[in-house]
Amino acid sequence: MAPFAPLASCILLLLWVTAPSRACTCAPPHPQTALCNSQIVIRAKFVGTAEVNQTDLNRRYEIKMTKMFKGFSALGNASDIRFVDTPALESVCGYLHRSQNRSEEFLVAGNLRDGHLQINTCSFVAPWSSLSTAQRRGFTKTYAAGCEGCTVFTCSSIPCKLQSDTHCLWTDHFLTGSDKGFQSRHLACLPREPGICTWQSLRPRMA
């Protein structure tokens, strides 16, 4: 059987090299979309990891919530969120928290499942300090005003065409190759008049 060992090794190597990539990929959402499409949006500190039943294939982070922006009704009688669950493997969209600073606050947007906050690679999770003043204002109050009747519509190729008067064309990805462009950091898609939504500045208006 020995002469066949090198051949078997070559076949296995070839299968490994040519196997399709299973990495999780997704485009980060506009922060307004993240708030509108999430059940829970909070500010929190990641303070540690907790033991989870390994058969669940989940990773659990212990957090300390410092502020809730959305989710009071979804939590029901619960007054706090202490844990965040995510798939254990990055290949299946598991979120890996890399910061070792336990005092650093993060904006975390996710959904509830079986009473636990769930996030993944595609979720909006960002250091609070990295958000612009306009984005902080948006999460605190303004983004919610556009959730019911307005939609941030991503432009992924030319020509970009709006499908509705309630859509705002988001071109940051296409023009800059980044989700952190001007529209993301400074604008919200809000009602201008009934049936019409436009990009509006999140800067405070002067009296």
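Counting starts with 1 at the first residue shown.
Placement of Cβ uses the backbone N, Cα and C atoms for every residue, glycine included.
Positions annotated as disulfide bond by Swiss-Prot, on the basis of sequence analysis: Cys24-Cys93 (among others). DSSP assigns Cys24 (disulfide bond) to coil in the three-state reduction, outside any helix or strand. For Cys24 (disulfide bond), the same-chain residues 6+ apart in sequence whose C-beta sits under 8 angstroms from its C-beta are Glu90, Ser91, Val92, Cys93, Gly94, Asn120, Thr121, Cys122.
The Zn(2+) binding site feature in Swiss-Prot is assigned to Cys24.
The region 'Involved in metalloproteinase-binding' feature in Swiss-Prot is assigned to 24-27; the stated evidence is similarity to another entry.
Under the heading domain 'NTR', Swiss-Prot lists 24-147.
All protein chains shown were included, and the count of other CB atoms within 10 Å of the CB of Cys26 (disulfide bond) stands at 10. The disulfide bond annotation in Swiss-Prot covers Cys26-Cys122 (among others), and the record cites sequence analysis as its basis.
Sequence annotations record features per position, and here Swiss-Prot assigns disulfide bond to Cys36-Cys147 (among others). In sequence order, Tyr143, Ala144, Gly146, Cys147 are the residues of the chain that are 6 or more apart from Cys36 (disulfide bond) and have a CB within less than 8 Å of its CB.
Mapped onto three states, the DSSP output places Asn37 (site 'Involved in metalloproteinase-binding') in helix. According to Swiss-Prot, the site 'Involved in metalloproteinase-binding' annotation covers Asn37.
According to Swiss-Prot, the N-linked glycosylation site annotation covers Asn53 (among others), on the basis of sequence analysis.
The N-linked glycosylation site feature in Swiss-Prot is assigned to Asn77 (among others).
Residues annotated as N-linked glycosylation site in Swiss-Prot: Asn101 (among others). Cβ environment of Asn101 (N-linked glycosylation site): no same-chain residue six or more positions apart lies under 8 Å away.
The disulfide bond annotation in Swiss-Prot covers Cys150-Cys197 (among others) and rests on sequence analysis. Using a 10 Å Cβ-Cβ cutoff, Cys150 (disulfide bond) registers 26 neighbours.
Taken residue by residue with DSSP, Cys155 (disulfide bond) is part of neither helix nor strand, so it is coil. Residues or ranges marked as disulfide bond by Swiss-Prot: Cys155-Cys160 (among others).
Here Swiss-Prot flags Cys168-Cys189 (among others) as disulfide bond, drawing on sequence analysis. Here Cys189 (disulfide bond) comes close to His30, Gln32, Gly146, Cys150, Thr151, Val152, His167, Cys168, Cys197, Thr198, Trp199, Gln200: these same-chain residues lie at least six apart in sequence, with C-beta atoms under 8 angstroms from its C-beta.
Spatially close to Ser178 (phosphoserine) yet at least six residues away along the chain are Asp172, judged by Cβ distances under 8 angstroms. Sequence annotations record features per position, and here Swiss-Prot assigns phosphoserine to Ser178 based on similarity to another entry.
Taking the Cα atom of each, Asn37 (site 'Involved in metalloproteinase-binding') and Cys155 (disulfide bond) are about 19 angstrom apart. Reported as a whole number, the C-alpha separation between Cys155 (disulfide bond) and Cys26 (disulfide bond) equals 15 Å. When secondary structure is read from DSSP and collapsed to three states, Cys150 (disulfide bond) falls in the coil class. Asn37 (site 'Involved in metalloproteinase-binding') has a Cβ environment of 13 other Cβ atoms inside 10 Å.
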